[in-house]
Amino acid sequence: MSAQMALSLSGVHKSFGTTSVLKNVEFSLTKGECIAIVGKSGCGKSTLLRLLARLEQPTAGEVYIPNGDIVRMMFQEGRLLPWKTVLQNVMLGLKHDRKRKALEAIKSVQLEGKENEWPRALSGGQKQRVALARTLVHSPHVLLLDEPLGALDALTRREMQQLIEKIWLQRGFSVVLVTHDIDEAVTLADRVYVIENGSIANTYDINLPRPRKRSSYEFVETAEEILNRVLGVNATNGHLVSLSNIK
């Protein structure tokens, strides 16, 4: 494997009993790259992320992540422990220099002054910032994002997208983002994979300058093309078609 490879999947299948969830999934991620995975509900996106997080094992095929590389995952809900403060939540799992590392992570997500707050006193956006800090404190090589902004309002989502992009570009780790928000995928990702019925249906390279302008023609055109692909819409006549017939 290349020294620049952050992870790769080769011929990955995943079944639960007689139900096949992922079928012959193959892709790779280079160090410092951000990819997004989009598709309809139930297409296998979150199962794929669980394989990358080593929470599940593939039924067949190989998931490769270099030995020693740290992988962390952020979910749609912050999953903060309500009986612990912000600082204590971020320190969870650390063995050495816990307070200093946690304070640095809290600062990086712009929550200075909230260290001693309880989760119940935080807004939804602040809780997700704590959840992000809790992943960053471990200095991950790969960050997995499972619909991390799905429960937030539009303005807070935009702020969090900008924060994630800023930290990712500064630190140079790799990112795998699962999202239903096509605009979010085009805003953050270098490459977007569309999954249909457990298989990769199409791949889009996003060659737009950063920071990306959502109002630009190129952004709107790219997002619309991907959305039509997910929905199975023929952009020429607006009719629904089978995704399997589109190449």
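Every residue gets a Cβ built from N, Cα and C, even glycine.
Under the heading ATP binding site, Swiss-Prot lists G39, K40, S41, G42, C43, G44, K45, S46. Residues or ranges marked as domain 'ABC transporter' in Swiss-Prot (evidence: sequence analysis): 7-222.
Structure coloured by features recorded in Swiss-Prot.
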residue	record	CB count, 10 Å
G39	ATP binding site	24
K40	ATP binding site	15
S41	ATP binding site	7
G42	ATP binding site	11
C43	ATP binding site	21
G44	ATP binding site	22
K45	ATP binding site	23
S46	ATP binding site	17
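Across the residues of the domain 'ABC transporter' (7-222), the predicted structure has a mean pLDDT of 94.
Apart from G39, K40, S41, G42, C43, G44, K45, S46, the ATP site neighbourhood in this chain, defined by C-beta within 8 angstroms of the site C-beta centre, holds I195.
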